[in-house]
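Per TrEMBL, the feature transmembrane segment maps to 6-33, 45-62, 68-91, 103-123, 129-150, 162-184, 190-211.
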Amino acid sequence: MALHLPWTFVFGVLGNVVSFLVSLAPLPTFYQIYTKRTSEGFQSIPYVVSLFSAMLWIYYALLKKDAVLLITINTFCCFIQTFYIVAYFYYAPKKEKVMTVKLILLFNIFGFGVIFLSTFFLQNPLTRLHVLGYICMAFALSVFVAPLCILRKVIKTKSVEYMPFTLSVFLTLGAVMWFFYGLLLKDMNIAVPNVLGFIFGILQMILYAIYKNHPKKMVEDPKLHQLSEHIVDVVKLGTMVCSEVNAVAPQPNETNNNGGVVEAQNIKGITADHDASNKV
């Protein structure tokens, strides 16, 4: 670690702190899974991909030999993401358990194994480091592009309920810290992806400022409006926060929807019978 560069150390420590807090963001989701004793409605892919990313950066930092602060935060990320995956696997339905195993085999065993074997035995250590750095940078860029789907959803729905402001702030701060850390280390593989992360973070906060007080469209039929509000409440209960990548919110129960329609039809029928009796 370059202790002779104090600002490098400062930005590295701040990056560790911010990334540590972001890594804890899914805890409320897993508390919900624990209380309900089921992970139905959520997906494991964000945690598998995050574990894969942390493994790549640890491998890169070990080869680089002067990026200890990358090792510390990504070691913690490996630990916390493994915890998330184990907890998810324990409460997941059989179908989701099979999918989780497939994802782990694809990313964390096959994917990481191919990258490790194709780079570790390169004779020139500098070439090995450059190749692995490009791989890490390309993967980090692809992860930072993920918020595009969130931005599109906010613009389309004119609602920020799926984009928590606090998480956007922390992701933006993390991108700033790691950008300066990489810049001071003269490592563009660390700095460049965080430029994109900073841009998307700023866009998220701008959209939040635009749509945070945007009025929701009212449904003309009061009964349909109540049904719509019920659906929104169910989706809100199942929404999770994701940095890196977001899980799917649980879908509303079809029985409830049908029940709501039947209830509306029953009320309509009763009203019609009452009007008929008044006419008689």
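In case you wondered, yes, glycine gets a Cβ from its N, Cα and C as well.
Note that the coordinates shown come from a computational prediction; the quantities given were computed from them, not determined experimentally.
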Beyond the flanks of the transmembrane segment (68-91) by at least 6 residues, Cβ under 8 Å: 1, 9, 12-13, 15-16, 19-20, 23-24, 26, 30, 33-34, 37-39, 42, 44, 47-48, 50-51, 53-55, 57-58, 60-62, 97, 100, 104, 181, 190
Segment proximity, the transmembrane segment (45-62) to the transmembrane segment (162-184), 3 or more C-beta pairs under 8 Å: no
